[in-house]
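Chemist: Pasting the feature list from TrEMBL:
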type	residues	note
ACT_SITE	His87	active site
ACT_SITE	Asn160	active site
BINDING	Arg84, Arg124, Phe173, Arg370, Tyr374, Arg381	heme binding site
DOMAIN	40-428	domain 'Catalase core'
Amino acid sequence: MPTKDKSKKQDTVTIHDQKLVRGNGGELHQIADETTDVLTTAHGVPISDDQNTLKSGARGPTLIEDFHFREKIFHFDHERIPERVVHARGYGAHGYFETYDALAKYTRADIFQRPGEKTPAFVRFSTVAGSKGSFDLARDVRGFAVKLYTQEGNWDLVGNNIPVFFIQDAIKFPDVIHSVKPEPDRGFPQAQSAHDNFWDFISLTPESMHMVMWVMSDRAIPRSFRFMEGFGVHTFRLLDADDNSTFVKFIWKPKLGLQSVVWNEAVKINGADPDFHRRDLWDAIQAGDFPEWELCVQLFDQEFADSFDFDILDPTKLIPEDIIEPIPVGRLVLDRMPDNFFAETEQVAFMTQNVPPGIDFSNDPLLQGRNFSYLDTQIKRLGSTNFTHLPINAPKCPFHTLQQDGHMAMRNPVGRVNYQPNSWEDGPRQDPKKGFRSYADEVEGPKVRLRAESFADHYSQARQFFVSQTVHEQDHIARALTFELSKVETPVIRERMISHLLNIDEGLAETVADKLGITQLPKPADAAITPRDDLPASDALSIIKNGPKSFKGRKVGVLLSDGCDAALVKKLEAAIKKEGAMMEIIAPKIGGVTADDGSLIPAKQMIDGGPSVLYDAVAIIISPEGAEQLAKEATARDFVADAFAHCKFIGHVDAAQPLLDKAGIEPDEGIMQMASAADMTAFIEACRDLRLWAREPKVKL
Ligand code: HDD
């Protein structure tokens, strides 16, 4: 007999005769009146039977008169809204932004005025190409959209986990997106760029080369949303109280450091747990392990802009952190999951044009186009100009518009005043001092459709990115390009890509060509500007060089069997906990195992459901009998073999050796003995490196 969850007592208020419930974060949601235990229709009529339609006789036809059935099915039939045309698959969380020092010298933006002040935030992470139900670990850009509910209006910083973009002008957006989405005649492949249309477009679009290097790197297969950076991409402006402008680029830096998976792991994770990223965020927040990012700004003036090697309006270029150091100005903490996925994560509407006073746009042609596009898409998706009435989109500061009516208007004005100017004393007034002002940029020039010549160098920063990577990361880029182009069926497209790679790095072009069986190298692609090879390597561009300093927030998969050493399991648990990491137990049966001291240790996963790709490191604490049994099982052998192939640290008891042997493990310093508490500490300390990259040449990832 189900019991009522008394802990979930709802805090309700009544506004305009409407009952609203307060969510965990204080925001108000509409609800049915839950004071009644009786199931009702949407119009409040109590229902006597929700199991059977109204029929003429028990075996007779259903009667059209059954209004309850009609309403129920009608509503169900309309449950879906259009998914986002891009970034359809996403996952959101609430939190807050905490300002460090006042930035009044640069901006009048209210959010940056008072040190220590907290501003509510909602963040939605996403993949770009796949549909809403696609898998999490596609090779793809990740969206990193942040809505900051400031006291002077919502500020949406709608960024990605990559600091540059495929195209320089927004007019090309439908083309790049069409090319990566499933091909229109066949309707596949889903959530993948490894197909002819994408590489055809890319190989005909040299401006995309820098972005392509990022997308072929491990940045496009992050281990977790929690371990990736976010970038506002474009150059924006900060305006002080006198409207003086400073250019700015925004960067989110994860406190837990950067981490990605490897491609072979990604492919397997997608099968084992297609929700890997959303589950990771959910688990971390539910466990109270709140992820944090620092918001950093790169500030510069017109003089720097004029002297920089590239155009600061070109969204295919970044400003290396060695040239302008990012300054931390606050932190973002995600500490609460939405009460309802649809109401919040699905209905949240981000728009680049949502900026508060003190923040302004630059003339980046991609940003200008985005400012035009995002409003349209909200109307299409949410169906009404009143999408700002939804609690997730409404400002949390005082606001007062003279807009009225429209579909589903929920916030209806009271009183007589709905126009401006007016003679009545009530009603809002414009305020030149407090209100949003644009930077008074001098604009002139003929009306033309032209790409600025200062946007013409498409290869130099692509090369800089490549040479900034460790050898392991360079190898992954070569392998990713090979994999993607191996799925392209038209030889000329592959060759065209090699001709671009020759302008980026000859060695890379030769490796990929060789793996694709292209014996005769094509000529390098024509370049409007000779690619530079003098841009220095920048450590900030590598993931491995920016990994964590601890194993905090990571997860160890611990394989146990009956008869395992209970004391050792406890010691491992203590070492993991001390590091701030998580542990998940995997066993031959979901019921768990009976340890050597007779205690029952429950398991979270059965070996078939908990492959090692789901963990950052693995430990094997099994008995000799357990080892003998598990060595016969393919899933257990894969558990170990995959952890080895993915360069993970493996801690094990002596008794596990038969399983390790059967899995083909060759000893190295990442395969660690576990016999004492000191061994456990040594194991967890080794895990801080996340992977034993020195093993990679042996396993050939
Ligand atoms: Fe966009 C969604 C990020 C270029 C048009 N975009 C969308 C989202 C993110 C980005 C994170 C998902 C927001 C959410 O979670 O709801 N988009 C970017 C970045 C870009 C970019 C970082 C380049 C620097 N986008 C871009 C261009 C256009 C669009 C050039 C059109 C001219 N983007 C859209 C859109 C979407 C969108 C069609 C789909 C759903 C939505 O807006 O709300 O309007």
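Just so it is clear, glycine is given a Cβ too, placed from its N, Cα and C backbone atoms.
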Chemist: Got a sec? Which of Asn160, Phe173, Arg370, Arg381, the recorded positions, have CB under 6 Å of any ligand 1 atom?
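Modeler: Only Asn160, Phe173, Arg370 meet the Cβ criterion.
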Chemist: Enumerate same-chain residues with a sequence separation of six or more from Phe173 (heme binding site) and a Cβ-Cβ distance below 8 A; give 'none' if the list is empty.
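Modeler: Set apart from Phe173 (heme binding site) by at least 6 residues yet with Cβ under 8 Å, we have Ile167, Gly369, Ser373.
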Chemist: Other than its own, how many Cβ atoms are within 10 Å of the Cβ belonging to Arg84 (heme binding site)?
Modeler: 22
Chemist: When DSSP states are folded down to helix, strand and coil, where does His87 (active site) land?
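Modeler: His87 (active site) sits in coil per DSSP, no helix or strand.
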Chemist: Can you tell me the CA-to-CA distance separating Arg84 (heme binding site) and Asn160 (active site), as a whole number of Å?
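Modeler: Pair distance, Cα basis, whole Å: 16 Å.
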Chemist: Taking DSSP three-state, what's Asn160 (active site) in: helix, strand or coil?
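Modeler: Going by the DSSP assignment, Asn160 (active site) falls within a strand, counted as strand.
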Chemist: If one measures from the C-alpha of Arg370 (heme binding site) to the C-alpha of Asn160 (active site), what distance in angstrom results, rounded to a whole number?
Modeler: 14
Chemist: Return the residues near Arg381 (heme binding site), defined as same-chain residues 6+ apart in sequence whose C-beta is under 8 angstroms from its C-beta, sorted by sequence, else 'none'.
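Modeler: Spatial neighbours, sequence-distant, of Arg381 (heme binding site): Ile81, Pro82, Glu83, Arg84, Ala349.
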Chemist: Validating a neighbour-count step here. Other CB atoms within 10 A of the CB of Arg370 (heme binding site): how many?
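Modeler: Result for Arg370 (heme binding site): 21 other Cβ atoms within 10 Å.
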Chemist: Within 10 Å of the Cβ of His87 (active site), how many other Cβ atoms can be counted across all chains shown?
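Modeler: Result for His87 (active site): 23 other Cβ atoms within 10 Å.
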Chemist: Counting only residues 6+ away in sequence within the same chain, which have a CB under 8 Å from the CB of Asn160 (active site)?
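Modeler: The list for Asn160 (active site) reads Val141, Arg142, Gly143, Phe144, Gly230, Phe231, Val233, given in order along the sequence.
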